[in-house]
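*Asks:* Take this structure first; my questions come after.
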Amino acid sequence: MGVILLDRSNDALDINPPVGNFHLVVHGSDWLWAVTAVYCVVLIAVIVSTYFAKQGEKIFHYLLTISLLTGSVAYFTMASDLGSTAVATADNDSGTRQIFYARYINWFVGWTPIILSVGLVSGVSWATIVYNVALSWAWVAIWLAGAMTGTTYKWGFFTFGLLANFLLSASLLHTGSVTAKRLDITKHYSALAGYLVFFWLIMYPIAWGCDDGGNEIGVTSGFIFFGILDLFTVPFLAIGLLVLANTWDYKNLNLYFTQYGRVPSGGEFQERIQREKAEEATATAPPEGSQTV
């Protein structure tokens, strides 16, 4: 068994040959497998912790499970050298470069539960949450279009995507902070929103400009850059969010879920009131067939 383990090697690129003149190499695939492992470990930890969370306080576990599962599959795909295509390089003279569209699918799907989670913490309206999710979709889709463009026109897509990114960041920092004050959770919300905005508005544009945009760094170097960013924005954020969530009053945040749905602070559900009245009426009603005097 020991010999078998020692002889094992990463043959993903032999089974799934890379495309393009500039492409993923074995060491890059090794790094992607490592990132996949981190995603999977945190995913398992979150799933297990769901069964120990208090009843009605599992919403963040559910949302983060989706993000982590999506990221695990995406990084498995990229580590296997799948989910990519060859696109002309930015200067159009050096041949083609391997672009992984699986990366953008991961962001498109995996960031949505993150934005939902932050929105629920802040207490913003559902309209604002939908707006934020749509902005993230626009941002990722526009940057994917830019990555697939083999001319300098890709920077037009970069600019439009950056605008969507800026609008999303502004909404998280401003609108979310206003409503978070009403729920007395400003400190934690500001930490979460500021953390995300730092990576999304500052670090991701730099990484995209160096990698899929400007092609200034190699495919493997780009994966190291984006891999670190993705680890901070999903698995590490998930751990931090769940740690903070243990200190929150879900009823005060209007996040306490029951069989009747989401319970508003101090509110009552008509379904519950009607059922209780029906049970009370049944309990006080005379037995069938009895006569009253």
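Each residue, glycine too, has its Cβ placed from N, Cα and C.
What TrEMBL records for this protein is below:
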- 31-52: transmembrane segment (TRANSMEM)
- 59-78: transmembrane segment (TRANSMEM)
- 104-122: transmembrane segment (TRANSMEM)
- 129-149: transmembrane segment (TRANSMEM)
- 155-176: transmembrane segment (TRANSMEM)
- 188-207: transmembrane segment (TRANSMEM)
- 219-245: transmembrane segment (TRANSMEM)
*Asks:* For the transmembrane segment (219-245), give me same-chain residues lying six or more residues beyond its boundaries with a C-beta closer than 8 angstroms to one of its C-beta atoms, as numbers and ranges.
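*Replies:* Distant contacts of the transmembrane segment (219-245): 22-25, 27-28, 31-32, 35, 38-39, 42, 46, 49, 57, 60-61, 64, 67-68, 71, 75, 78, 97-98, 103, 106, 110-111, 114, 117, 188, 191-192, 195-196, 199-200, 203-204, 207, 210-212.
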*Asks:* With the transmembrane segment (129-149) as the reference, which stretch in 31-52, 59-78, 104-122, 188-207 has the largest tally of C-beta pairs below 8 Å?
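*Replies:* If we count Cβ pairs closer than 8 Å to the transmembrane segment (129-149), 104-122 scores highest.
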*Asks:* What stretch of 31-52, 104-122, 155-176 shows the most Cβ pairs under 8 Å to the transmembrane segment (59-78)?
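*Replies:* Out of the listed stretches, 104-122 contacts the transmembrane segment (59-78) most.
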*Asks:* Which bits of the chain, at least 6 residues beyond where the transmembrane segment (31-52) starts or stops, bring a Cβ under 8 A of a Cβ in it?
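*Replies:* Tertiary neighbours of the transmembrane segment (31-52) are 10, 24, 58, 61-62, 64-65, 68-69, 71-72, 75-76, 78-79, 220, 223-224, 227, 230-231, 234-235, 238-239, 242.
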